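Peer 1: This is the structure I want to talk about, given as C-alpha cells.
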Amino acid sequence: MIFHASPGIIDLGINIDHVATLRNARGTTYPDPIAAALLAEEAGADLITLHLREDRRHIKDADVRALRPQLRTRMNLECAVTQEMLDIACDIGPQDVCLVPERRQEVTTEGGLDVVGGFAKVQAACKQLADAGIRVSLFIDPDAAQIEAAAAAGAPVIELHTGRYAEATDDAELRAELVRIETAVEEGIRWGVRVNAGHGLHYTNVQPIAAIAGIHELNIGHAVVAHAVFAGWQNAVREMKAIMVAARLSSTTPAAAHPGVPV
C-alpha cells in the first residue's frame, strides 16, 4: 500500500505558515507558500491550512486570495474571531474556517479558544460563516465543557489542541495528556461533531494521536517545514502522511464508523 495516497483513512492538513515566515524573513518573493501548497497536494496532503493573523506576520491577504482558486483539495483558513477576519473569510470562501484564539505577543497559538467564556461571539461567528456556505471548526482544548459549548454554538467541527501532549516532559504526563485527548474525542463524537486535532505534532510524537480512530484530520506545519530542510518538501509531506496512516492501520482501536458524526 502507498500510505501517502490512502484517502479516507486519516487526513493530513499541511500548514504553510512557516513557508511564508521564511519568505518574509528577507522580504523576498520566495519561498512561495502557494507553490509549497500545490506541491504538498501532489505529495498527498488532503488539505492546506493557513493562518491569516491580524498582524499578518506570515500569511498575507494576497496569499489567501491567490491560493484559493488553485487548490484541488480543501482550504482550511485559520483566523481570529474578529469582524474583519470573518468578513475576509466570507469574501474568499474557503471550504473550512477554523476559529482560533490570537494574541499579538505570542510566538504561536498558545491554547484553545474559550468558547464557554465568549459563547455569544463565537455562536454569531459560526452563523455568519455557515450562512456563507463555509464549514466552521473551533480550535479548542480537549475539555468537556468547551466541546459541549462548541456543539451548542453550531460548530460542526472541532480541532483539539494537542500542545500540552506535545510539550509533555515525562512518560506519565505524556500518557495523561493522551488519555485526555482520547476522552475528548469520545466526547466530541457523543455531541455529533467531527473531531480533528493539531499543534506541536512532529515525526516522533504523531503516531499515538494518528492512531485514535475518532480523529478525522491532523493539521501539521512547522515540523514538516523543518524536516523538509533536510528531507525535501514533498518527501517530508509523504513521510508524515505515511506515518499517520500506518499508525491508524496498526491501531488496536476499532476504526468503526460513528453514526451521526459529519465527515
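Glycine is treated like the rest: Cβ placed from N, Cα and C.
Per Swiss-Prot, the features are:
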ACT_SITE  HIS51  active site, proton acceptor
ACT_SITE  GLU78  active site, proton acceptor
ACT_SITE  HIS199  active site, proton donor
BINDING   ASN15, ARG26, GLY200, GLY221, HIS222  3-amino-2-oxopropyl phosphate binding site
BINDING   ASP17, HIS18, ARG53, HIS58, THR108  1-deoxy-D-xylulose 5-phosphate binding site
SITE      GLU159  site 'Transition state stabilizer'
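Describe the structural surroundings of these features, if you would.
Peer 2: Cβ neighbour count for GLU78 (active site, proton acceptor): 27 (other Cβ atoms within 10 Å of its Cβ, all protein chains included).
HIS199 (active site, proton donor) has a Cβ environment of 26 other Cβ atoms inside 10 Å.
According to DSSP, GLY200 (3-amino-2-oxopropyl phosphate binding site) sits in a coil region rather than a helix or strand. The number of other CB atoms found within 10 A of the CB of GLY200 (3-amino-2-oxopropyl phosphate binding site), across every protein chain shown, is 18.
In this view, HIS18 (1-deoxy-D-xylulose 5-phosphate binding site) is surrounded by 21 other Cβ atoms within 10 Å of its Cβ, with every protein chain counted.
Cβ environment of GLU159 (site 'Transition state stabilizer'): CYS98, SER137, LEU138, PHE139, ILE140, VAL195, ASN196, ALA197, GLY198, GLU217, ASN219 lie under 8 Å away, each six or more residues apart in the same chain.
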Peer 1: Taking the Cα of HIS58 (1-deoxy-D-xylulose 5-phosphate binding site) as the centre, which of the recorded positions listed as ARG26, GLU78, HIS199, GLY200, GLY221, HIS222 lie within 10 Å of it?
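Peer 2: Cα within 10 Å of HIS58 (1-deoxy-D-xylulose 5-phosphate binding site): none.
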Peer 1: Cα within 10 Å of ARG53 (1-deoxy-D-xylulose 5-phosphate binding site) is the criterion; apply it to the recorded positions GLU78, HIS199, GLY200, GLY221, HIS222 and give the hits in sequence order.
Peer 2: GLU78
Peer 1: Among ASN15, ARG26, GLY200, GLY221, HIS222, listed as contacts of 3-amino-2-oxopropyl phosphate, what is the widest Cα spread in Å, to the nearest whole number?
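Peer 2: Largest pairwise Cα separation, rounded: 25 Å.
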Peer 1: Please give me the recorded positions out of ASP17, HIS18, HIS51, GLU78, HIS199 that lie within 10 Å of HIS222 (3-amino-2-oxopropyl phosphate binding site), comparing Cα atoms only.
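Peer 2: Checking Cα-Cα distances against HIS222 (3-amino-2-oxopropyl phosphate binding site), the recorded positions within 10 Å turn out to be ASP17, HIS18, HIS199.
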Peer 1: Going along the chain, which residues six or more apart from ASP17 (1-deoxy-D-xylulose 5-phosphate binding site) have their CB under 8 A from its CB?
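Peer 2: For ASP17 (1-deoxy-D-xylulose 5-phosphate binding site), the qualifying residues are PRO33, LEU50, HIS51, HIS58, ILE59, GLY221, HIS222.
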